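Peer 1: Among the features that Swiss-Prot reports, Zn(2+) binding site is placed at 57, 60, 77, 84, with the record citing experimental evidence. According to Swiss-Prot, the phosphoserine annotation covers 20. What Swiss-Prot records for 23, 90, 110, 112, 115, 121, 129 is N6-acetyllysine, and it gives experimental evidence as the kind of evidence. The phosphothreonine annotation in Swiss-Prot covers 34, 48, 117. Annotation comment: Swiss-Prot describes 18-88 as repeat 'BIR'. Taken from Swiss-Prot, the feature site 'Interaction with FBXL7' applies to 126, supported by experimental evidence.
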């Protein structure tokens, strides 16, 4: 019987899992932002057609793109999301106590809810603008 695996929601806490997301990452050897260093800084690679180097912190959900070979992932993370609790964790995942892990997971869940709420708010605001324009166009017809 093999070692138990973590539920998918917790796998990003593992550095090896984060490294595995960096397929087709443009910066490998001789660069500051290698997959290993990106993963150490908490990033996962989530490329899109228009943003092939898009990376997101699995913890605070901050997305960064436009990476340069000499960008330091930790410094970029601190610069763009200084309040990310992952940056202050001094232990490897495997060294955390259950209490420490659950506290981190609760913080991550709050971050995820905040990100999703913000996305829904933006989506609603965009829809509201379109509806307002349509109403104004209808009113102008009279």
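Any Cβ shown, glycine's included, is placed from N, Cα and C.
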Peer 1: Would you identify the secondary structure of residue 57 (Zn(2+) binding site) according to DSSP, in three states?
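Peer 2: Its secondary structure by DSSP: strand.
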Peer 1: Distance between residue 90 (N6-acetyllysine) and residue 84 (Zn(2+) binding site) at the Cα atoms, whole Å?
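Peer 2: About 13 Å separate the Cα atoms of these two residues.
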Peer 1: What binding-site residues in the list 57, 60, 77, 84 lie within 10 angstroms of residue 112 (N6-acetyllysine), counting C-alpha atoms?
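Peer 2: Checking each Cα against residue 112 (N6-acetyllysine), the hits are 60.
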Peer 1: Given the recorded Zn(2+) site (57, 60, 77, 84), which additional residues of the same chain have their Cβ within 8 Å of the Cβ centre, ordered by sequence?
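Peer 2: For the Zn(2+) site, the extra neighbours are 41, 42, 59, 61, 62, 80, 81, 86, 87.
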Peer 1: Out of 34, 117, which has the highest number of nearby Cβ atoms, where nearby means within 10 Å of its Cβ, if these are the modified residues?
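Peer 2: Neighbour-count leader: 34.
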Peer 1: Let's check the environment of residue 129 (N6-acetyllysine): how many other CB atoms sit within 10 Å of its CB?
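Peer 2: The answer is 10 other Cβ atoms.
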Peer 1: How long is the line from the C-alpha of residue 34 (phosphothreonine) to the C-alpha of residue 57 (Zn(2+) binding site), rounded to the nearest angstrom?
Peer 2: 15
Peer 1: Just name the winner among 57, 84 (the binding-site residues) by count of other CB atoms within 10 A of its CB.
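Peer 2: Result for the most crowded candidate: 57.
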Peer 1: Looking at the binding-site residues listed here (57, 60, 77, 84), whose Cα lies nearest to that of residue 110 (N6-acetyllysine)?
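Peer 2: Looking at Cα distances from residue 110 (N6-acetyllysine), the smallest one goes to 60.
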Peer 1: For residue 48 (phosphothreonine), just give me the three-state DSSP call.
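Peer 2: Once the DSSP labels are grouped into three classes, residue 48 (phosphothreonine) ends up as coil.
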Peer 1: Of 23, 77, 90, 110, the recorded positions given in the record, which has the fewest other CB atoms within 10 A of its CB?
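Peer 2: Relative to the other recorded positions in 23, 77, 90, 110, 90 has the fewest Cβ atoms within 10 Å.
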Peer 1: By CA distance, which of the binding-site residues (57, 60, 77, 84) lies nearest to residue 117 (phosphothreonine)?
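Peer 2: It is 60, whose Cα lies nearest.
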